[in-house]
Amino acid sequence: MAALSGFLVLDKPAGCTSHDCVSLVRRCLGLQRIGHGGTLDPGVTGVLPMAVGSATRLLPYLNGDKAYGGTITLGLRTSTDDLSGAVLQRRPVPALGAVELEQALACFRGVICQRPPAVSAVRVQGERLYHKARRGETVAAPERQVTVHALELRRWRPPHLTVQVRCSAGTYIRSIARDLGEALGCGGALASLRRTEALGFGLEQAVTMPQLQAHPAPAILVQDPRQALLVLYPHHQLSPEEHSRWCCGQALPAPTTLIAGQAVTVLNPTGALAGMAVIRSPGQLQPKLVLDPRS
């Protein structure tokens, strides 16, 4: 019988780390080979995909966009850019209407330069910033480019505004809250955040920790990894002859519809996931990850 492999999507509660979630899934499934896709801060809730078994090898290919719903509080600046940190400054919030807020939000759409929070998992000089912060060291993270595909105002009840965000991996919503507050002249900090999509999975596919712990057969909650990969990449299904060559790591003729450099999800003749490939010029499907159907 094939070993358990796939994705279990957790609806992470507030107050626990992503590593805590890994430990829970290991206990519930009785497996050690568990990884997660996209760290969530302890205070953030929502979609946390957990890779199970050989599906952990797929995580490098599942680095797609993420979506969030969050609330930003204006009128203050904190040490962590959210309400868990020490308040560094308070300022009055100006009278703001929908027009002023929309003008400010527009500056944070598209490709932007963003400085990660001083307390974050970003590495500077080989060490994560939150370790430096615990020692009292103040280190400014270097700016980096991220892409904000959508940033929409959903509600404005001064001093709180609720937004929905769709962004590239590596985007910090705390940084958007901080920088939006500065753009409005009053400071801002993230009050709450919930991730609604990650790695091709959404909240409708997620289970809570109590549901996982109470389930009589938690292994059936593990989802086929094809689902997310087929959302993110084009696919190619192998013929029986191609499958034999694929399992030996041999390059195959590439479909003419695919372009050089493109990643491709590869399915075996029965439609099961066979691995990942990349299109090499001229017209070659080069295996990058060959999955053993027994693993």
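Keep in mind that glycine also has a Cβ here, set from the backbone N, Cα and C atoms.
Per TrEMBL, active site, nucleophile is recorded for ASP41. DSSP classifies ASP41 (active site, nucleophile) as coil under the three-state reduction. Its Cβ taken as reference, ASP41 (active site, nucleophile) is surrounded by 22 other Cβ atoms within 10 Å in the chains shown.
DSSP assignment over the domain 'Pseudouridine synthase II N-terminal' (26-173) gives 29 helix, 59 strand, 60 coil. What TrEMBL records for 26-173 is domain 'Pseudouridine synthase II N-terminal'.
Feature annotation from TrEMBL assigns domain 'tRNA pseudouridylate synthase B C-terminal' to 174-214. Averaged across the domain 'tRNA pseudouridylate synthase B C-terminal' (174-214), pLDDT for the predicted model comes to 96.
TrEMBL lists 234-290 with the feature domain 'tRNA pseudouridine synthase II TruB subfamily 1 C-terminal'.
Residue counts for the domain 'tRNA pseudouridylate synthase B C-terminal' (174-214) under DSSP (helix as H, G, I; strand as E, B; rest coil) come to 19 helix, 15 strand, 7 coil.
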